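Peer 1: From TrEMBL, here are the annotated features:
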- 21-44: transmembrane segment (TRANSMEM)
- 89-515: domain 'Major facilitator superfamily (MFS) profile' (DOMAIN)
- 141-160: transmembrane segment (TRANSMEM)
- 172-191: transmembrane segment (TRANSMEM)
- 197-217: transmembrane segment (TRANSMEM)
- 229-247: transmembrane segment (TRANSMEM)
- 259-278: transmembrane segment (TRANSMEM)
- 341-361: transmembrane segment (TRANSMEM)
- 373-395: transmembrane segment (TRANSMEM)
- 402-422: transmembrane segment (TRANSMEM)
- 434-451: transmembrane segment (TRANSMEM)
- 463-484: transmembrane segment (TRANSMEM)
- 490-510: transmembrane segment (TRANSMEM)
Amino acid sequence: MSRGYDEITSFLGEWGPFQRAIFFLLSSSIIPNGFNGLSVVFLADTPSHWCHIPTNANISVQWRNVSIPLEEVNGELQYSKCKRYSLGVIRNLSAMNYLPGVDVNVTEIKQERCLDGWEYSQETYISTIVTQWDLVCSNDWKIPLTSSVFYLGVLCGSFISGQLSDRYGRKLVLFGTMAVQTCFSVIQVFAPNWGAFCVLFFIVGMGQISNYVAAFVLGTEILGKSARVLYSTLGVCLFFAIGYMLLPLFAFCIRDWRMLQLALSVPGFLYIPLWWFIPESPRWLLSQGRLEEAEEILQEAARKNGIAAPTRIFEPGEVSDWASKRKQSHSILDLLRTKNICTMTIMFFAVWMTVSVGYFALSLNTPNLHGDPYLNCFFSAATEVPAYVVAWLLLRWFPRRYSMSATLFLGGVLLFFIHLVPPSLTMVSTALEMVGKFGITAAFSIVYVYTAEVYPTVVRNMAVGACSMGSRLGSIISPYFIYLGTYDKYLPYILMGSLTILSGVLILLIPESFRVPMPETINEMQIIKGLKPKMSSYNLQSPAEAE
């Protein structure tokens, strides 16, 4: 019987200098993803604005002071952002020396659009892409579309990243896509218009997810079992959160969007030296028949760990066995072949989408919260650190189904009840949103592991990839949940809270995987609650066998 890869490489140990270096170097490569992935929070924020009244309009100071009408927004009177009183009428009244509010009832004057553009408050930002290209009023639909274009790039990148890394290697794709993300982020600084900015943002999104996936796969393939779990649940996630927490610091210090974009891009060049410290995945090299290169990497790892490696690590027969296993024919249609696996795929897809909508919508919403947008963004990022730690503890000690349902209920209930908080208690609403995000972030971390454990080995990668497509679609539509807040500030919370609670109920129907051996074939999959096992082309097991 041929030995498994983990058994053959067990002589390296689990946590030597080599493993520690790989763990921290690959985890650190995720940091730029944290601030680039959510940079749109500050790049595309909308500051206070109003219609521009030209200095040569030939109107008196009194008329200039009342030229912008007042509107009631969420129970408060505010200056209109998209209308002004007709400048021609005001000019005539001013020329006749009529006084506003004395000789003329100003509210009866005809209103018009901001024909001369807008003025923007520079209290928070010197400039954003909104102020640069006037993405307000009739053009405000471009703001959520900007974020969606980025996440559409993420969706497309997730399609090709796996195929690229399988064909060209994990290391080459990792550094190649980091270069794409960094270089095109720099080019964005010089975008001449909104359309060009979005095209470049799409490419940045493709690079961002591709290098994230490549780093994730490379780490899980190089590290041993115990370090692999720590890396995939805490390493990658915590370093993403660190990058996210750095974003408001950058934005606070740099208030101009072009300079901010440049500052967020430059750190990517600091990772160039890692090329000489991070090796290719020995597993991938073996799958390509490059036995000598794989052994050379493992020999070097043994040397760094101070361990004497065997003269011959792999036997040719073992490599052949692994190659033949990789050739088993399974397609994505296998995820829909039987009623059980089809239902499970649809349920997981829906849960992934809901969790993603909640996570990204709450992350993008921080500038709209009461208080300082930089502090709000930092607190939103900081809540992820305890969320990932709690998720890791739950994964170690508690059943997946109840852990995920509890975190989803926590997030959903708190978000749903935000609309019941009196408008004067803004700090309470913000606190509820932060704790709600804590629950959704923890659920996001758990769902990766839960999905991988429920599906059998023969379709596991395809299943996780297919279900995560729900996450990508959720991120694409999430900006429009925030956009709904322009019509009713509580509507996004009611929708997100309801959907998250529904997902918490739905997840209880999926079989438990905690301390249950992971299935190897579709025959061995557990049955969803409420579904009767039925014989199929895969000969699903009987109820007795399922128990």
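From the backbone N, Cα and C atoms, a Cβ is placed for every residue, glycine too.
Help me understand the surroundings of these features in the structure.
Peer 2: Panel annotation: around the transmembrane segment (21-44), residues 125, 128-130, 135, 143, 146-147, 150, 174, 178, 181-182, 185, 201, 204, 208, 211-212, 215, 218-219, 222-223, 227, 230-231, 235-236, 238-248, 250-251, 257, 260-261, 264-265, 267-268, 271, 274, 277-278, 304, 363-364, 366-367, 373, 377, 381 of the same chain, lying at least six beyond its termini, place a Cβ under 8 Å from a Cβ of the stretch.
Mean pLDDT for the domain 'Major facilitator superfamily (MFS) profile' (89-515) in the predicted structure: 85.
Tertiary neighbourhood of the transmembrane segment (141-160): same-chain residues 40, 44, 46, 129-130, 133, 135, 177, 194, 197-198, 201-210, 213, 360, 364, 465, 468-469, 472-473, 475-480, 482-483, selected by CB-CB distance under 8 Å and a gap of 6+ residues from either end.
Non-local neighbours of the transmembrane segment (259-278) in the same chain are 21-22, 25-26, 28-29, 31-32, 35-36, 39, 42-43, 171, 174-175, 178-179, 181-182, 185-186, 188-189, 218, 247, 250-251; each lies 6+ residues outside the stretch with a CB under 8 Å from one of its CB atoms.
Distant neighbours of the transmembrane segment (341-361): 151, 334-335, 408, 411-412, 415, 436-437, 440-441, 443-444, 447, 451, 454-455, 463, 466-475, 477-479, 481-482, 492, 496, 499-500, 502-503, 506-507, 509-510, 522, 525, 528, 531; these residues of the same chain sit at least 6 beyond its ends, with a Cβ under 8 Å from one of its Cβ atoms.
Non-local neighbours of the transmembrane segment (373-395) in the same chain are 34, 41-42, 45, 124, 230, 233-234, 237-238, 240-241, 244-245, 247-249, 251-252, 362-363, 366-367, 403, 407, 430, 434-435, 437-439, 441-443, 445-446, 449; each lies 6+ residues outside the stretch with a CB under 8 Å from one of its CB atoms.
Sequence-distant neighbours of the transmembrane segment (402-422) (same chain, 6+ residues past either end, Cβ-Cβ under 8 Å): 355, 358, 390-391, 394-395, 428-429, 432-433, 435-440, 442-443, 446-447, 450, 490, 493-494, 496-505, 507-508.
Outside the transmembrane segment (463-484), and at least 6 residues removed from its termini, the chain residues within Cβ reach (under 8 Å) are 141, 143-148, 151-152, 154-155, 158, 162, 332, 335, 345, 348-357, 359-361, 364-365, 368, 448, 451-452, 455, 491-492, 495-496.
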Peer 1: Quick test of the contact rule: Cβ under 8 Å, at least six residues beyond the ends. What residues does that give for the transmembrane segment (434-451)?
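Peer 2: Beyond its ends, the transmembrane segment (434-451) has Cβ neighbours at 232-233, 237, 348, 351-352, 355-356, 358-359, 362-363, 379-380, 383-384, 386-388, 390-392, 394-395, 400-401, 403-404, 407-412, 414-415, 418, 463-464, 467, 497, 500, 510, 513.
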Peer 1: So which residues does the transmembrane segment (490-510) touch in its own chain, when a touch means Cβ under 8 Å and the partner is 6 or more beyond its ends?
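Peer 2: Sequence-distant neighbours of the transmembrane segment (490-510): 344, 347-348, 350-351, 354-355, 357-358, 361-362, 365, 401-402, 404-406, 408-409, 411-419, 433, 436, 440, 450, 454, 481-482, 484, 528-530.
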Peer 1: Sort out the residues at least 6 away from either end of the transmembrane segment (229-247), same chain, that have Cβ-Cβ distances under 8 Å to it, and list them.
Peer 2: 23, 26-28, 30-39, 41-42, 212, 215-216, 219-220, 223, 264, 363, 377-378, 380-382, 384-385, 388-389, 391-392, 395, 445, 448-449
